[in-house]
Amino acid sequence: MSKKLYIKTWGCQMNEYDSQKMAELLDSTHGFSLVEEAEQADVILLNTCSIREKAQEKVFHQLGRWKNLKDKKPDLLIGVGGCVASQEGDSIRKRAPFVDMIFGPQTLHRLPEMLNQLQHSKSPIIDVSFPEIEKFDRLPEPKADGASAFVSIMEGCSKYCTFCVVPYTRGEEVSRPLDDVLYEIAQLAEQGVREVNLLGQNVNAYRGETHDGSICRFADLVRLVATIDGIDRIRYTTSHPVEFTDDIIEAYTDVPELVNHLHLPVQSGCDRILTQMKRGHTALEYKSQIRKLKKVRPELSMSSDFIIGFPGETDEDFTATMDLIKAVDFDLSFSFIYSARPGTPAADLPDDISDQTKKDRLKLLQEQITHQALRIARQMLNTEQRVLVEGPSRKNPMELRGKTENNRTVNFVAPHSVIGQFVDIKITDVVANSLRGELVREEKEMGLRIAHSPADILANNHHMATPSNLDELGVGTFTP
């Protein structure tokens, strides 16, 4: 009888990726299968996030509920991972001594050894070190789950924004070697993945080492990923404006696989606040890069993160943020009321804005974004949109759902045989949080671009260009 594993995940897409890797790892080493309820599990893992307010207390509240399970089932093992574990490992050990394993984002690959150790000793294990890229060398081969997949290309962040805990919980920027990234994507493409989302806390800062010791920058990585047959869409998150350089904008001119959607967090539209946040750019510089990008991709949609009520934010400062939102025409935002993160420089600043003022500003910002999003959605009426079919509609299993390039969900009627493929859909209606449409053509009628098969790349020892096959831009393609 297989052992049962339950994983609860909070936070960003990187955490979702890490949780998937934990499940795959423990399946390959110990035969664990995932279950939907903690009550069914032999091992429970909590993958935590420290971004939101009161993240630590949320963890202890959850652990308190699971303590009751362990009281009834003494052999149950409980582990806490993620950014809160990295930041508050000693506190978790003291306040929740029943927790068996505490591990950081960079040590999740050591879970099998932790479980083996717990078979011989019941002493709690804590490992929140930063062994850089080691975890990727120890993870099992990827398993595709649908037509879209996340691939982590780097870890950590070296920007040290004053409000952010990431450099302290995930470490400084470390890029995966180029060959490793391309190999993982080729494996996923062999399993039917059509869209890849490149992940990193500061993904545009990717500087991956090649087989000959040189460095591959993010724009060149994108071009190489685009040559893999089957990968017809490329997304990436999260970006930093300082690293969103002109060579990346240039890639949008000749890499059609890059989608017409960009998530580029700006946090504030006020230069004074941006300086206090240590963001390294001005609102004008941000708008300038977006203006350049929209010259080559006029249909591109934009989303961003915003922090509301950062210490010292005045009404005029907030108005500058609203002006930026209108100027860029964002159609989606992840907006949060500021709350101090322990250990960050901003935590020492006086939190001098009332909760009600923060709530009022957040409401105004979200209303403006919603207004813009609805207008942009209505502009899509009667247009044809290429949609990657994800599966049955969540509301009507007789229909299918998929995602447009600009990240909108579309529901439509089509044969289930097109799941995992691209279809062209005419948009006929705009409803709350989604679109409706009619099937125009299936993928077999499209003639999508083919460059190199995943099998070619998997068979190649280096997966890297040689000087003889560089194009006029100095960008290479694979030699099968």
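Every residue gets a Cβ built from N, Cα and C, even glycine.
The structure displayed is predicted, hence computed values, not measured ones.
Among the features that Swiss-Prot reports, domain 'MTTase N-terminal' is placed at 3-120. Here Swiss-Prot flags Cys12, Cys49, Cys83 as [4Fe-4S] cluster 1 binding site, drawing on sequence analysis. Residues or ranges marked as domain 'Radical SAM core' in Swiss-Prot: 143-375. According to Swiss-Prot, the [4Fe-4S] cluster 2 binding site annotation covers Cys157, Cys161, Cys164, on the basis of sequence analysis. The domain 'TRAM' annotation in Swiss-Prot covers 378-441 and is backed by sequence analysis.
Annotation for Cys157 ([4Fe-4S] cluster 2 binding site): same-chain Cβ neighbours under 8 Å, separated by at least 6 residues, are Cys164, Val166, Pro167, Arg170, Glu172, Glu173, Gln201, Asn202, His240. If you measure from the Cα atom of Cys161 ([4Fe-4S] cluster 2 binding site) to that of Cys83 ([4Fe-4S] cluster 1 binding site), you get 16 Å. Applying an 8 A CB threshold to same-chain residues 6+ apart, the list for Cys83 ([4Fe-4S] cluster 1 binding site) reads Gly11, Thr48, Cys49, Ser50, Ile51, Ala55, Gly104, Pro105, Val165, Val166, Thr169, Arg170. Every protein chain shown contributes to the tally, and the Cβ of Cys12 ([4Fe-4S] cluster 1 binding site) ends up with 19 other Cβ atoms within 10 Å. Remark: secondary structure over the domain 'TRAM' (378-441) totals 5 helix, 36 strand, 23 coil, with classes taken from DSSP. In this view, the densest Cβ surroundings among the binding-site residues Cys49, Cys164 belong to Cys164, judged by other Cβ atoms lying within 10 Å. Neighbours of Cys161 ([4Fe-4S] cluster 2 binding site), defined as other CB atoms within 10 A of its CB across all chains, total 22.
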